[in-house]
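What follows is a set of notes on a single structure, which appears directly below.
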Amino acid sequence: MMKSEELEKVKNVHILGIGGIGVSALARLFQSEGKEVSGQDSSDSPVIVELKKKGIQVLIGQDVKRIPKNTDLVIYSRALSQRNPMFLRRLKALSIPLLSYPEALGLVSRGKYTIAIAGTHGKTTTTAMVAKVFTDAKLDPTVIVGSLLKGQNSNFIAGKSKYLVVEADEYQRSFLELAPSILVITNIGVDHLDYYKDAGDIQSAFAQLAAKVPRSGYLIVPAQHPEIRAVVIATKAKVVDYRVFLDKRMQLPLPGGHNQENAAAALAVSHVVGIEKKTALKSLARFRGTWRRFDLKGKTNTGALVYDDYAHNPDKVLAALAGYREVHPNQHLVVVFQPHLYSRTKTLLEGFSSAFDEADEVMVAPIFAARERRDPSISSRILAQHIEIHLKKIGKKKPVVMHVATRDALEKILRKKLTKKDVLITMGAGDIYQLAEKLIKPDKKRAV
């Protein structure tokens with residue numbers, strides 16, 4: 001395994017799967033350090049367009065033979081290794097140092113004072129909030145976040161200080177490669193059950209991460225949550241309960257109790273590094289959010305507001321819709337939900353069925369398979385049926401819930417039915433955001 005000091009000496013890096021949201025940020029970090037960065041990806045994307053604008057050479061299509069001969073280090077996304085294990089075997093035969101994205105990020109982390117933000121939901125927004133506060137406080141952090149920061153249209157900030165603020169991904173225990181001095185865990189819920197065996201297995205991964213924080217460091221958590229207790233027991237660091245920092249005077253541009261908690265976690269981080277509370281509160285009041293989190297895209301020709309949201313598990317959907325209802329108490333909420341992964345939809349079916357109570361209409365799009373093969377035992381039609389059954393149970397006499405088989409059909413239905421009384425929310429971790437963008441009148445688009 002390469003060491004941090006060896007990584008510093010690397011001059012030429014080639015990245016496979018460079019269009020990924022985390023991997024692309026790492027590419028920009030290496031470029032900011034003066035390394036020559038190139039990469040490959042299977043298809044073009046807006047992320048790759050931005051990388052090319054920064055002068056990073058990106059080849060479309062993946063071929064071992066196209067790796068430059070002067071390459072000192074190859075980094076690959078774990079998605080690539082899952083989809084194409086034969087390709088990974090050919091890489092290993094090249095005799096070029098090889099790291100996965102989590103391994104490379106871990107090496108970067110060891111050379112910095114790392115503030116890692118983890119949790120099954122809320123970590124992206126909390127990471128962005130911490131980044132905003134640190135930047136406004138002139139601490140000049142390096143930031144890697146799993147979405148685009150509004151106002152910058154970027155998932156990366158190049159800083160010159162010791163601070164690295166990074167979103168910590170729990171999938172496949174990737175975050176265990178990090179070396180955090182401050183660890184925030186927003187919450188621990190049930191997710192990624194295509195990898196984790198059960199809730200206990202997920203909790204054990206977070207406990208392992210907490211155990212890595214040094215005695216001089218901080219573990220920032222909602223300490224009274226039952227699922228957090230095993231994590232607190234595992235750490236030798238100082239434990240800070242971020243709920244102590246909940247403040248009724250806090251003015252956030254984003255709605256929802258979950259965002260108040262995210263902001264409280266950011267305030268706790270600010271406190272332990274010595275940022276004045278007044279400065280942090282002022283910064284959070286100007287926080288604009290991130291791409292695909294309560295993301296107002298614009299209006300349709302008929303005047304309906306259109307939002308897009310990344311919420312993709314029951315807890316996230318429930319929290320997000322509570323926020324939308326808070327902002328639009330009297331309008332007709334139309335949710336187009338694209339389930340993400342067959343395994344998640346199947347395992348969390350009952351949770352999903354009760355997550356849409358705040359919606360007036362729910363349209364369920366086909367499941368976005370991502371890394372999985374089709375599973376005939378679960379479908380968006382089955383999910384729609386379960387949502388409808390639940391809504392009837394809680395007293396909604398004629399709930400409007402439908403399964404819609406194609407994207408084109410969804411677009412046609414929505415163009416016909418949406419009025420200025422409606423608020424449309426496209427929701428899910430797949431590509432459903434493309435539907436939101438199609439429905440917006442060009443002159444009604446909201447700038448990021």
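Cβ atoms here come from the backbone N, Cα and C positions, even for glycine.
Curation does not apply to TrEMBL; its annotations are automatic.
Listed features, source TrEMBL:
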BINDING   Gly119, Thr120, His121, Gly122, Lys123, Thr124, Thr125  ATP binding site
DOMAIN    13-113  domain 'Mur ligase N-terminal catalytic'
DOMAIN    117-242  domain 'Mur ligase central'
DOMAIN    292-430  domain 'Mur ligase C-terminal'
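Long-range Cβ proximity for Gly119 (ATP binding site), meaning a same-chain Cβ under 8 A and a gap of 6 or more residues, is found for Thr126, Glu170, Val184, Ile185, Thr186, Asn187, Ile188. Within 8 Å of the Cβ centroid of the ATP site, not counting the listed residues Gly119, Thr120, His121, Gly122, Lys123, Thr124, Thr125, the chain contributes Ile117, Thr126, Thr186, Asn187, Asn262. DSSP labels the residues of the domain 'Mur ligase C-terminal' (292-430) in these numbers: 50 helix, 32 strand, 57 coil.
Burial estimate for the binding-site residues (Thr120, Thr124, Thr125): highest at Thr125, by number of other CB atoms within 10 Å. Within the same chain, the residues at least 6 positions away from Gly122 (ATP binding site) whose Cβ sits under 8 Å from its Cβ are Thr186, Asn187, His258, Glu261, Asn262, Ala265, listed in sequence order. In sequence order, Ile117, Gly146, Glu167, Ala168, Val184, Thr186 are the residues of the chain that are 6 or more apart from Lys123 (ATP binding site) and have a CB within less than 8 Å of its CB. Per-residue pLDDT, averaged along the domain 'Mur ligase N-terminal catalytic' (13-113), amounts to 90 for this model. Just so you know, the Cβ of His121 (ATP binding site) picks up 25 other Cβ atoms within 10 Å once every protein chain is counted. Note on the domain 'Mur ligase N-terminal catalytic' (13-113): DSSP counts are 47 helix, 22 strand, 32 coil.
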